[in-house]
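What follows is a short report on a single structure.
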Amino acid sequence: MTLRVAINGFGRIGRNVVRALYESGRRAEISVVAINELADAAGMAHLLKYDTSHGRFAWDVRQEGEQLWIGNDVIRLLHERDINALPWKALDVDVVLDCTGVYGSRADGIAHLEAGARKVLFSHPGGNDLDATVVYGVNEEELRAEHRIVSNASCTTNCIIPIIKLMDDAFGIESGTVTTIHSAMHDQQVIDAYHPDLRRTRAASQSIIPVDTRLAAGITRIFPKFHDRFEAIAVRVPTINVTAIDLSVTVQKPVKAYEVNLLLQKAAQGAFHGIVDYTELPLVSTDFNHDPHSAIVDGTQTRVSGAHLIKTLVWCDNEWGFANRMLDTTLAMAAIGFR
């Protein structure tokens, strides 16, 4: 039976989820029945079809009133600010993918359920009171039918968690630091303008800008044993897509760089195929645009110091990879049933 999905928020992730659904050939498994977005219908259709990062959508897209047509599929468009007023019950929605980047609390999830959805998946980190936080490929098997309010974590958490798991299982991680080198985002300014964060008052295209990150908290949410053993910082750089993560960990077992690369390469070809990829080609960030993997290890940048300090560089398309994991987690939530 085809899963009936609604999307709340049709920004970068919401639109990429729809594109990924059609490009991945999973329309027999998932049907988008409604999209809620405060923007007007014409703008929604236009930005789905034309995308600066990912190019022109291969499918025919047209908008008729409050309906969005993709090929022969019709999707109802909504413009409702109040979650409680959304018609999820009338639309028989199985799972809501909340891609607003605004909502993420348990109360927000309950509001979607009370509106008639059977389950909710947030496209960003939520509070500790959510039923589960999933990094697909690592812990989706922990999902239970009673888990109705779930977070898909963040794009950077999805990128780094598989690598941390692999290194910890093989070498035993003592502690680590992470630096996220992230493309500019919508909460930055085109030209200097006011923002509560004074660094984000500055033009995104002209500076490398340090920003706050909760990635360390995201790591410990998946692996509680690393509480107080990981720290993270983040900078935004003047590109529009693709992120690099510099991961440094101290490990218990002595190791050489080639052993680290061999571990990650084998994982990419085996247990983590489709989630982790590995390359030693001389590539740059744009080469990973539209890559569906959560993490792409750059083996040319692996270093080991003193046999116990490992440094690796991991790439991800912070939009496309994450959108594909949203679909994976949605199907995993459905596979365990509804209660």
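Cβ atoms here come from the backbone N, Cα and C positions, even for glycine.
Substrate binds S154, C155, T156, T213, R214, R236 as Swiss-Prot records it, and from the list R106, R118, R144, R200 the residue named for this site is R200.
Ranked by Cα separation from T213 (substrate binding site), the binding-site residues R12, I13, N318 are led by N318. With the fewest other Cβ atoms inside 10 Å of its Cβ, the least crowded of the binding-site residues R200, R214 in this structure is R214. When the C-alpha distances from I13 (NAD(+) binding site) to the binding-site residues S154, T156, R200, R214 are tabulated, the minimum falls on S154. Among the record's substrate binders, S154, C155, T156, R200, T213, R214, R236, no two C-alpha atoms are more than 20 Å apart, and one pair sits at exactly that spread. The recorded positions under consideration are R12, R81, H182, R236. Their Cβ neighbour counts within 10 Å are lowest for R81.
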